[in-house]
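Here TrEMBL flags 80, 83, 84, 222 as heme c binding site. Residues or ranges marked as domain 'Cytochrome c' in TrEMBL: 67-192. What TrEMBL records for 1-23 is signal peptide. Sequence annotations record features per position, and here TrEMBL assigns transmembrane segment to 266-284.
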């Protein structure tokens, strides 16, 4: 057995070191796009790796900033909701953002939803109530695509979890210990702030917009959605694209995982229980076998 381990260990070390060297050579510095691709080669997207931001909900003791979530809701309502639905999120959940029951009812009443059929067998529209979900701005996917250069805007209910970008070696190894789970918000923030002029010689198709942070290509159909001064915050927070992007990214993370704080609290308590249980098992083992010969 010792001989087998001795023969395998150097090989394993060589593989790890070789993988690290390859990743360091292949990865663009500082998140920059690769300088060039071999002719005929398929580029890896996104061209630029999303920037890691600091979030209040990061780490094992992270929590949502309710003021930030309220600002993010405002950005979604005034900007994003014109194209993107959140059909898995009911209005009643907004009370978790610090709103009262009356405020939630008033907010829901700003929307109209289809209901029915009535006694005559016909569908009708009515004002939304807290039990309803955020409606889609379009009647169907075809209408959404027709209004957006042929690309239907995705639903935002789970976008912060669905758009997580894979991290290569060695980041994904360290993520196990740092509990990095903010890839989705990092991606959304980088995408919203990452619109720029294409490099020389790069042809942008008609109706497309260059963004090296887009996960599926270098061009997407959505134009730059945010601009400075577009949304006025009630709490005096900066009315900048950077602030809008951070706030709406945090809000979409909450929409995708509203029970994050409860999950982290439960996980912490479980770890404490397991630690105490391990100590008790060890002490029990020592007590039981204290006077026995081994």
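From the backbone N, Cα and C atoms, a Cβ is placed for every residue, glycine too.
Unlike curated entries, TrEMBL annotations are predicted automatically.
Through the fold, the transmembrane segment (266-284) approaches residues 60-61 of its own chain, all at least 6 residues removed from its boundaries and within a Cβ separation under 8 Å. Around residue 84 (heme c binding site), the C-beta neighbours below 8 angstroms that are at least 6 residues distant in the chain are 76, 137, 153, 154, 155, 156. Residues 80, 83, 84, 222 make up the record's heme c site, and a Cβ search at 8 Å around their centroid adds 79, 81, 82, 153, 156, 225 from the same chain.
Other Cβ atoms within 10 Å of the Cβ of residue 222 (heme c binding site) number 19 in total over all chains. Ranking the binding-site residues 80, 83 by how many other Cβ atoms lie within 10 angstroms of each Cβ puts 83 at the bottom. If you compare every pair of Cα atoms in 80, 83, 84, 222, the residues listed for heme c, the longest distance is 11 angstrom.
When pLDDT is averaged over the domain 'Cytochrome c' (67-192), the result is 93. Residue counts for the domain 'Cytochrome c' (67-192) under DSSP, helix first, then strand, then coil, are 58 helix, 15 strand, 53 coil.
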